[in-house]
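> The following block contains the structure, expressed as structure tokens.
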């Protein structure tokens with residue numbers, strides 16, 4: 001008994017001593033002493049379990065070995081029971097912080113999403129917090145999953161259902177992820193619902209989200225709210241805002257943001273000045289563009305290709321040709337290589353001001369950068385702008401300057417000469433192609449064939465066709481089709497037929513275009529039987545006539561007073577499922593009007609409207625002829641028989657009645 005009381009007394013004394021000294025200690029050890037019946041004293045020390053390690057803020061440090069083991073189990077696609085068994089055996093249990101680290105370790109967004117929803121099944125006490133939700137939202141926002149937006153919206157619904165309150169980081173992630181007006185409104189509602197306060201980073205996220213969704217006005221509103229709260233943007237956000245406002249022509253707002261930017265001690269960079277120069281040049285304030293450019297140089301900002309191009313564009317907008325060339329010279333002096341945009345701006349301003357003669361100066365200034373591809377671009381651009389003579393002169397300079405020619409430049413020049421009808425120069429150019437190591441091909445010849453055919457220069461066509469064969473080239477299907485159409489256009493039907501027969505005996509086979517060209521040649525030169533025979537022949541060979549085939553034949557029969565045959569072909573066309581276009585209707589309407597078949601023309605016009613086609617000027621000209629035809633005798637005020645419009649005093653055929 002005495003032993004028991006002594007033990008209790010000593011234990012109480014130890015506890016009292018421990019309690020009174022607790023605020024001084026960082027480690028506690030309990031000591032129990034007792035005496036055995038033999039008189040021997042026994043002492044035992046008992047240490048409490050060590051608390052889990054924590055960081056400087058007092059939060060438990062996640063267990064690294066648990067995170068690695070759990071991540072491996074998830075990634076190996078093991079059964080849920082194995083994962084549950086391991087996680088359930090942990091002491092202390094898996095924490096939300098550790099679950100967040102496991103989510104971070106998984107490289108698959110789908111696996112992360114699955115594991116997130118698996119965690120609550122480990123223990124009834126496990127509960128996701130804002131940090132685990134944030135982690136999964138971040139993972140999904142960085143993924144390319146097609147349903148990632150729906151998955152995040154479902155997570156928000158889960159948070160609401162479980163009563164989990166997000167933090168401002170949650171809102172920031174959501175703003176950056178969604179970036180659309182409707183979802184941004186949801187984010188703003190969450191701030192109120194969770195009683196959060198927006199910080200500077202939240203405003204930046206919101207501003208950039210509105211800019212990404214091209215809503216510059218809302219972005220500017222957010223910017224003004226930031227200014228009122230004393231927040232400022234970084235250079236990247238300022239530039240984004242300036243660029244968006246400038247592209248939306250919000251000139252006053254751009255000036256205001258630019259001045260605010262400088263007052264906030266955020267120095268404009270090269271991109272900032274580029275935005276301002278582009279805007280001022282666009283609105284015609286070239287002097288301001290020059291002042292900004294000079295200020296940029298004074299402050300030591302780097303001058304890159306984009307800056308030079310923007311300034312050259314601004315000067316070009318003001319038609320300052322001399323200053324454009326001067327700046328271009330300085331650009332080249334500073335080893336900034338011009339690109340196609342640079343040259344295109346210069347070409348446009350030289351052409352607009354009638355000073356294309358100064359192009360030689362531009363070429364000379366940039367001689368060290370002038371290669372065959374630049375020459376090709378300049379020649380092609382000049383040709384597209386309609387300056388064929390200047391393009392040809394530049395091409396000749398290139399031709400004399402380089403030992404070898406550039407095929408792209410050559411083709412651009414050849415096509416330009418052909419399109420402008422300069423066939424003599426084109427043929428001459430084609431004959432010199434060998435001189436610069438360029439091998440001629442069928443495409444080059446086809447371009448010249450087409451130009452010669454349109455101008456009906458048959459003798460040149462014959463000569464060039466012989467030369468093609470002398471060069472060892474074989475005509476392709478395009479060559480044959482061009483020749484058939486060209487000979488037919490010039491009334492050389494026999495030669496068109498001869499080329500067609502040559503096509504049939506070659507490695508190429510006639511296509512629909514070949515037959516259409518031959519049918520057109522035969523029909524429009526009076527050989528209707530031959531045209532109809534070729535029409536039947538193409539059907540027998542399995543080629544389906546198209547709208548061009550039918551329209552050609554209908555026109556040929558209609559103009560030879562064989563209107564019934566033309567109408568029969570039109571009905572056949574519809575039966576075969578080939579839809580007529582407005583040209584087809586105009587051809588048949590014209591045939592019916594010329595033959596005096598007014599009622600049928602009215603019915604045909606009704607079909608045209610039913611098909612949803614829009615009448616053009618030719619259609620209305622035919623309708624006008626129908627109403628005011630010479631066969632009409634009686635003047636009456638009546639409704640237009642085709643359009644339904646009430647006209648003035650019209651002429652009515654005596655045979656149709658009032």
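Backbone N, Cα and C define each Cβ position, glycine as well.
Automatic, uncurated: that is what TrEMBL annotation is.
So TrEMBL says this about it:
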DOMAIN    204-370  domain 'PROP1-like PPR'
REGION    36-57  region 'Disordered'
REPEAT    199-233  repeat 'PPR'
REPEAT    234-268  repeat 'PPR'
REPEAT    269-303  repeat 'PPR'
REPEAT    304-338  repeat 'PPR'
REPEAT    406-440  repeat 'PPR'
REPEAT    441-475  repeat 'PPR'
REPEAT    476-510  repeat 'PPR'
REPEAT    511-545  repeat 'PPR'
REPEAT    546-580  repeat 'PPR'
REPEAT    581-615  repeat 'PPR'
> With helix taken as DSSP H, G or I, strand as E or B and everything else coil, how many residues of the repeat 'PPR' (546-580) land in each class?
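Per-class counts: 26 helix, 0 strand, 9 coil.
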> For the repeat 'PPR' (441-475), give me same-chain residues lying six or more residues beyond its boundaries with a C-beta closer than 8 angstroms to one of its C-beta atoms, as numbers and ranges.
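For the repeat 'PPR' (441-475), the nonlocal Cβ contacts are 410-411, 414-415, 417-419, 421, 423, 426-427, 430-431, 433, 482-483, 485-487, 489-490, 492, 506-508.
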> When the pLDDT values for the repeat 'PPR' (269-303) are averaged, what is the result?
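Here the mean pLDDT over the repeat 'PPR' (269-303) amounts to 94.
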> What else in the chain is close to the repeat 'PPR' (304-338), if you only count residues 6 or more beyond its ends and a Cβ gap under 8 Å?
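Here the qualifying positions are 270, 273-274, 277-278, 280-282, 284, 286, 289-290, 293, 296, 345-346, 348-350, 352-353, 355, 358, 361-362, 365-366, 368-369.
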> At a C-beta cut-off of under 8 Å, are there same-chain residues at least 6 beyond the repeat 'PPR' (199-233) that contact it? List them, or none.
168, 171-172, 175-176, 178-181, 184, 187, 240-241, 244-245, 247-248, 250, 253, 257, 260-261, 264, 266
> Using DSSP, what is the helix/strand/coil residue split across the repeat 'PPR' (199-233)?
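Output for the repeat 'PPR' (199-233) reads 26 helix, 0 strand, 9 coil.
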> According to DSSP, how is the repeat 'PPR' (304-338) divided among helix, strand and coil residues?
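Residue counts for the repeat 'PPR' (304-338) by secondary structure: 26 helix, 0 strand, 9 coil.
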